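What TrEMBL records for this protein:
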- 41-290: domain 'G-protein coupled receptors family 1 profile' (DOMAIN)
- 26-48: transmembrane segment (TRANSMEM)
- 60-86: transmembrane segment (TRANSMEM)
- 92-120: transmembrane segment (TRANSMEM)
- 140-158: transmembrane segment (TRANSMEM)
- 197-225: transmembrane segment (TRANSMEM)
- 237-260: transmembrane segment (TRANSMEM)
- 272-292: transmembrane segment (TRANSMEM)
Amino acid sequence: MELANRTEVSEFFLKGFSGYPALEHLLFPLCSAMYLVTLLGNTAIVALSVLDVHLHTPMYFFLSNLSILDVCFTSSFVPLMLVHLLSVQKTISFIGCAIQMCLGLTTGSTECVLLAVMAYDRYLAICQPLRYPVLMSHRLCLLLAGTAWGLCLFKSAAETVIAMRLPFCGHHVVSHFSCEILAVLKLVCGDTSVNEAFLLVGAVLLLPVPLALICLSYTLILATILRVPSTAGRRKAFSTCSAHLAVVLLFYGTVIFIYMKPKSKEAGVSDEVFTVLYAVVTPMLNPIIYSLRNKEVKEAARKVWGRRRTSR
């Protein structure tokens, strides 16, 4: 009977909010505006980091990588989601689903590692200020960023290939607005133990381990800051870390809320709405947090804008 129900999959139907037309019409302008802000804000961060020589530092190199990650993450699903919010045909091809799944896994995993790397960078800058230029060299920055991107891409590609090679039986309706791997695995009629083992190992390596390193880094940073004699020195040290710490709390707080809370077999519409807003809001807020809390970024923006006006 199981073999009889197996069909060759050419496309999936992304259920999303198809049962709530009014909600779809509300989410379309909201998500469109946030996606536009995400693209503009993160592109501006990358442009400023490249154009202003004062931002050619490890901190802004990693921040540029974070902005690129956010753009790639949202662009992997938001454009198609916006189309689906206004259309009846909410399908995605088998290959398109695999690509979307791989991109989502890669960018999310890389961000977990990159936030830990950025915490380590802040630890060296504050706790080892005299040795910082030597310890955090340009070569090490490239190695850390490249390793994070490469390993997470390899891990995500392996998880995607294993998942998409499994037999899909019956309907091909994904109860999600994108090809999220857990939602797709619910359609599998074969053994998913290998996938679940991969995902469990990945979840342990990319959530508790980086978060523990971040907590350790900021514990050491706080101990160092409290030993600084001057109030101005402590304030400056806190200001350089507050933006990154806010992004860490925002990212890990929402991820833990979504993936660690008890779930029913079929996710409710409130869970789906929260997931959409998290996936769009978090990448949008990252550049806002860094620009509002960072005098160097605001000063670089003024310089670049001033040069453009002068050149005209």
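Glycine residues also receive a Cβ, built from the backbone N, Cα and C atoms like all the rest.
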Message: Across the domain 'G-protein coupled receptors family 1 profile' (41-290), what does the mean pLDDT come to, as a whole number?
response: 86
Message: Against the transmembrane segment (26-48), which of these stretches has the most C-beta pairs under 8 Å: 92-120, 197-225, 272-292?
response: 272-292
Query: Between the transmembrane segment (60-86) and the transmembrane segment (197-225), do 3 or more CB pairs sit under 8 angstroms, pairs being 6 or more residues apart?
result: no
Message: Give the nonlocal contacts of the transmembrane segment (272-292) in its own chain as ranges (CB under 8 Å, at least six residues past its ends).
response: 16-17, 23, 27, 31, 34-35, 37-38, 41-42, 44-45, 63, 66-67, 70-71, 73-74, 77-78, 81, 176-177, 243, 246-247, 250-251, 254, 257-258, 298, 301
